[in-house]
Each structure stands twice: as structure tokens, then as C-alpha cells.
Amino acid sequence: MDPKQLAGEQAAAYVENNMVIGLGTGSTACWAIKKIGERIANEGLQLTCTATSIQSEKLAEQFHIPLTDIAQVSSIDITIDGADEIDRQLDMIKGGGGALLREKIIANITKYYIIVADESKYVAQLGAFGIPVEVVPFGWQRTAEHLEKLGAKPTLRKKEQETFITDNGNYILDCDFGLINDAASLETSIHNIPGVVVCGLFISRAHKLILGKKDGSTEEITTKR
Ligand SMILES: O=C(CO)[C@H](O)[C@H](O)COP(=O)(O)O
């Protein structure tokens, strides 16, 4: 079985009746969404679900998962989401799919944050992926200069040769900072730049990582917060 499917489906087993659930974004979290849809259909689970992207909203609708707008949800029991890199402390880089702002808003109100990934995402040190930074379109070139002063090589994200636009109408600067030594202070420095909406460093947030492996096994790594 696909390691992403293994991880995503295993995470869906943590969902219990009457919970409030955050639905993540990406090719791994989609397996959790599908499985949650199956559990609603087969077990009659009553859930309140809210999604981290328009893409995940559409997927949830396809699997007949009832959705609640984030405006009505002040606390989430479990969110299941993917990562682009995750280290031994379960600090992460996210935003490869461009959903980082909604993902961080949802992570921020989540009591138990489960990350699902294949083993290629589990790294000793964050940074090789680069850090996606969502910025407002106004003066994005000036925001990019500030990121350069912090040590980044920023590239404006494109999709099919057009500037990539997030679900929130913003741009993404993919920032190569090299390998990162102090991710928490870098996150703060990036967030202090006017024009930055959010960056893809997710520090001290995840509670559990479920890794799917090529040999068909899974590993769960848990940390106390
Ligand atoms: O942060 C994300 C989207 O913004 C995704 O969770 C991340 O890119 C992982 O995606 P995938 O499971 O497809 O590798």
C-alpha cells in the first residue's frame, strides 16, 4: 500500500464520535479525509469538520463529510494534516500545497495535532525543502528584499507559468534559507516583516507523527506539549 495512504488511514482511527475535526491538505491528508468519510457512512459518526483549504473542502464534500465554517468553530479536538519536512522534535515545514495560512489558523486552535507523512519527510534538520512564506501582493518585491536580508533566497511561486494565488488571494515566496539552526527565532523574524502573512515553519505544534513506510509498516512518534 502507498505509504501516504497507510499513514492517512491510520490517523483517521483516532477520530471519535462527536469530535470537532480539522481536515488537512495534500496527498497524504486526503487519505485521512477519505477514511473519515467512510467511517461516517459505515459507523454513523457525528462529527463537526472544518477544512484547511478549498481543495480539502471539495474532497470532503465528495466523501459526504458535513463541513462547518471556521467562523463557527473555536476549538478543534483533532486535526490531521501533512508536512513537507518534520524533524525529531516534530517541528515542521508546511505550505508545499500553498494552504499554510488556513493550516496554521486551524493548528492554532487544535488540541491534538496529528501529522501524516511518508518517511521521506522525516529529517534530522529542517531546511532542505525551503520555507514557503505567504505574502500580500502589495509590494511583494519589497517583502522579498526583507527576506533576503534575513538570509533567504526567495522565489515567487508559479503555477503553469502564472503567479500562484493562495485561497486567501495572496502570493507565496519559496525561501531557501539553507539548513535551519534556530527555527523558532527564524519564524518570529519572518513574521515581523511587514507584508508577510504567515510562514511555513510550524514549531512546537504537532503532538503525533504517523509515518507510512515503503515496507508496508507504520511508525507513530509522539511528543508531549
Ligand atoms: O502543507 C501542506 C499544504 O500546504 C501539505 O500538508 C504538505 O505540502 C504535504 O503535502 P503532501 O502530503 O501532498 O506531501
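We count from 1, first residue shown onward.
Note that Cβ sites are derived from N, Cα and C of the backbone, with glycine treated the same way.
According to DSSP, GLU103 (active site, proton acceptor) sits within a helical segment. Taking the Cβ of GLU103 (active site, proton acceptor) as centre and 10 Å as the limit, one finds 30 other Cβ atoms among all the protein chains shown. Marked as active site, proton acceptor by TrEMBL: GLU103.
Here LYS121 (substrate binding site) comes close to GLY82, ALA83, ASP84, GLU85, ILE86, LEU211: these same-chain residues lie at least six apart in sequence, with C-beta atoms under 8 angstroms from its C-beta. Following the DSSP three-state reduction, the secondary structure of LYS121 (substrate binding site) is helix. Residues or ranges marked as substrate binding site in TrEMBL: THR25, GLY26, SER27, THR28, ASP81, GLY82, ALA83, ASP84, LYS94, GLY95, GLY96, GLY97, LYS121.
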Binding-site residues whose CB lies under 6 angstroms from ligand 1, from THR25, SER27, GLY96, LYS121: THR25, SER27, GLY96
Taking the centroid of the Cβ atoms of THR25, GLY26, SER27, THR28, ASP81, GLY82, ALA83, ASP84, LYS94, GLY95, GLY96, GLY97, LYS121 as the substrate site, which other residues of that chain lie with their Cβ within 8 Å of it, listed in sequence order? GLY24, ALA29, ALA99, ALA117
Reduced DSSP assignment, LYS94 (substrate binding site): coil
CA pair SER27 (substrate binding site) / GLU103 (active site, proton acceptor), Å rounded to integer, equals 15
